[in-house]
């Protein structure tokens with residue numbers, strides 16, 4: 001969910017702009033036009049509207065492929081791969097699946113760039129999201145504007161010593177190779193009987209490393225609960241692409257003031273929007289039925305930001321393509337170096353008894369120089 005912010009009334013103000021009945025004119029039944037009028041008007045500018053991003057896990061990953069992989073992992077039930085207790089006993093299935101759910105090569109959608117557009121126009125306060133893909137950040141939003149209710153791949157910690165683990169190591173071993181990632185921190189055993197002067201032994205932690213996404217059996221991040229009270233100052237709540245079924249996230253829509261307009265952009269009405277009636281222009285709830293990105297584009301057009309949004313999408317895609325191409329080049333070069341080193345060692349061992357005069361010839365043969 002997104003919180004947007006332009007202006008809000010001080011406590012000393014005598015009245016609220018929502019105490020008077022809103023007048024939207026003849027076009028008031030168009031939910032996006034009505035929302036745009038609220039944003040552009042002096043009395044309806046959004047302070048803390050909430051949006052859950054359109055690019056959810058299933059939107060960014062082939063559902064069929066993901067389902068097939070889950071079956072191949074021989075799980076007791078599909079959700080087990082995200083259950084903390086199961087992960088601690090059998091971490092292999094999660095890491096086998098990590099490459100499929102990691103957002104590394106996925107582009108942010110127009111909806112994500114709409115958030116960034118809100119920020120650029122100084123109307124964004126906060127984004128609450130259930131997504132774990134970090135696409136809001138990739139689209140340009142600063143981290144302090146994002147509340148990742150279910151965590152993300154941005155950070156990872158050791159379950160044993162709680163040390164934050166280098167993200168690149170998690171990506172390299174866990175995501176790209178599907179290996180179980182273990183903590184390599186050096187711990188000192190204070191109770192051990194080390195050599196000399198009674199010092200404890202140093203040993204490698206070896207604990208399981210887990211990305212900071214919320215598994216079943218874990219609580220939501222403290223920051224999520226700390227920032228919920230902001231919604232009480234909300235001027236416009238916008239909800240995009242969610243079932244509003246997962247608690248406590250789904251309850252966020254109830255924290256806004258009773259006079260706060262709420263816009264849902266979704267393929268079907270959910271939560272309190274199931275009782276929405278489009279024939280009631282005075283209703284505070286608005287519902288646009290359709291694809292999230294289509295709704296984002298139409299809302300941007302109603303705000304006069306349509307071309308600006310498309311430019312953000314195009315520029316963002318070009319930047320990411322260049323970045324990924326550069327990373328792939330470095331990774332291929334690194335792999336080539338490692339393979340060369342392996343071949344070199346193999347060659348050296350093979351010619352150990354041949355004498356130094358044959359060493360160069362053997363290495364060149366192994367490396368195909």
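Using the three backbone atoms N, Cα and C, a Cβ is placed for every residue, glycine included.
Here is what TrEMBL records for this protein:
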type	residues	note
ACT_SITE	150	active site, proton acceptor
BINDING	158, 161, 183, 205	Zn(2+) binding site
DOMAIN	1-306	domain 'Deacetylase sirtuin-type'
REGION	326-357	region 'Disordered'
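Shown here: features listed in TrEMBL, placed on the structure.
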residue: 150; record: active site, proton acceptor; Cβ contacts under 8 Å, 6 or more apart: 130, 131, 132, 213, 214, 220, 249
residue: 158; record: Zn(2+) binding site; Cβ contacts under 8 Å, 6 or more apart: 165, 183, 185, 205, 207, 208, 209
residue: 161; record: Zn(2+) binding site; Cβ contacts under 8 Å, 6 or more apart: 183, 185, 187, 205, 207
Densest Cβ neighbourhood among 183, 205 (binding-site residues), 10 Å radius: 183
Cβ-centroid neighbours of Zn(2+) site 158, 161, 183, 205, 8 Å, sequence order: 159, 160, 162, 163, 165, 182, 184, 185, 187, 206, 207, 209
Residue 183 (Zn(2+) binding site) - helix vs strand vs coil (DSSP): coil
